[in-house]
Amino acid sequence: MSHQPLSCLTEKEDSPTESTGNGPPYLAHPNLDTFTPEELLQQMKELLTENHQLKEAMKLNNQAMKGRFEELSAWTEKQKEERQFFEIQSKEAKERLMALSHENEKLKEELGKLKGKSERSSEDPTDDSRLPRAEAEQEKDQLRTQVVRLQAEKADLLGIVSELQLKLNSSGSSEDSFVEIRMAEGEAEGSVKEIKHSPGPTRTVSTSRALSKYRSRSAEGAKNYLEHEELTVSQLLLCLREGNQKVERLEIALKEAKERVSDFEKKASNRSEIETQTEGSTEKENDEEKGLETVGSEVEALNLQVTSLFKELQEAHTKLSEAELMKKRLQEKSKLTVLQMTHNKLLREHNNALKTIEELTRKESEKVDRAVLKELSEKLELAEQALASKQLQMDEMKQTIAKQEEDLETMTVLRAQMEVYCSDFHAERAAREKIHEQKEQLALQLAVLLKENDAFEDGGRQSLMEMQSRHGARTSGADQQAYLVQRGAEDRDWRQQRNIPIHSCPKCGEVLPDIDTLQIHVMDCII
């Protein structure tokens, strides 16, 4: 059972001017009486226009940043691809140079070996060789045909070398490629001028198209130039391969000729040995010896021509290798210069295009389109409708606030009454508790006294009974006993009536069995 007082209501009592809504107390309602509806509409319109302008500016900035990022990523990817392509080409060119250098070294070694063999063959004695005239003439014809072939091949190689030198000296291909690039640059500049003179909304589209056209044309010009140079390099490589094949053929023919000469020398040595064994000599033999001497001199002359042809072939090979190296160096230099020029021009044009795009975006952000105006008008209408609905809500809220203020005034009066009733109730409750305690004490005293009285009565009865048994008659004793029994019953009824407590409400007079239920009833009845 809780006996706490209701003074908490007095302690937590609020003033009628404090917060009456559900929101936090520090957020006070705006005093809308100071603003007119026209001013509110103007403020709402200004806020809406500023919000829309900020959103458009953010969108334009995001789009511009995305476009720049995409362009930069594409440009970096293109640069990476070009670098990889040039690295692959340089590696292939280096591999080709290494292979050609190995082939040249092998050819030089073979030529040196052939020179040594030819010198050894020229040092061998051929004066004592005696061969028949028919075989000598056949060998002579074969050697002459080989010399003619070698001279023709030499002339072809010299023509190839002269053509290569002319190609190296002439810069037609590079000039053509530069002309193509300059044409593309002129077209790009014209497109940029058109973009600058074009109206505002069409500038972004024209700039993107012009940039794409210029990039495609510059890429096509660079590709055409590279394809042209690759064709020239492939033609030179084919010429080199043909020259190498011709050199191999000449080497094979020289080997065959040397083998035949060695066979003839062996035959001549064998016959000379046979003729020394036999004695006698005739005029025919003298003529044959003279013919053999002439054949030997012709063979020596042919050997000298072959060696000179070998030297000329070596010189032609060296010139070809030098020409190829010069051409490759010039090609690499031209590629590097062209790439540097195109890269620098593309960077300049990219920066100029970015500047123009920034200017266009600024101008477009300053301008407002018709669609934007329509959207703003629609939003203004919606805002006016929302303001009207909010104004109605505000009026309703004001009415409810006035009602709540009136209710608060009545609540203060009711609270004061409640405090009075509570104080009275607490005082009555304390008094009743004291009375109840006194009643309980008196009941205890009564019980003790009744017990003592019962004990005295029992003692008196016993003494009376003893006295009657001693002195009185039975009749008088029976009457006295009936009187005493009746008196004892009355005393018991009076005791029971005194022991039952009475719990009744002071306001309505309702009788209750317990003090707790009486307190609850009193609270409900009074409040």
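Including glycine, each Cβ sits where the backbone N, Cα and C put it.
The feature Zn(2+) binding site is assigned by Swiss-Prot to C505, C508, H521, C525. Annotation comment: Swiss-Prot describes 38-170, 239-458 as coiled coil, evidence class sequence analysis. Annotation comment: Swiss-Prot describes 186-197, 262-274, 281-292 as compositional bias 'Basic and acidic residues'. Annotation comment: Swiss-Prot describes 201-210 as compositional bias 'Polar residues'. For S177, S198, S476, the entry in Swiss-Prot reads phosphoserine. Marked as region 'Disordered' by Swiss-Prot: 1-32, 101-143, 186-214, 262-292. What Swiss-Prot lists as motif 'LIR' is 176-181.
Just so you know, of the binding-site residues H521, C525, the Cβ with the fewest other Cβ atoms around it within 10 Å is the one at C525. Under the three-state DSSP scheme, C505 (Zn(2+) binding site) falls in the coil class. Annotated Zn(2+) site C505, C508, H521, C525; additional same-chain residues within 8 Å of its Cβ mean position, judged by their own Cβ, are P506, K507, G509, E510, L518, V522, D524, I526.
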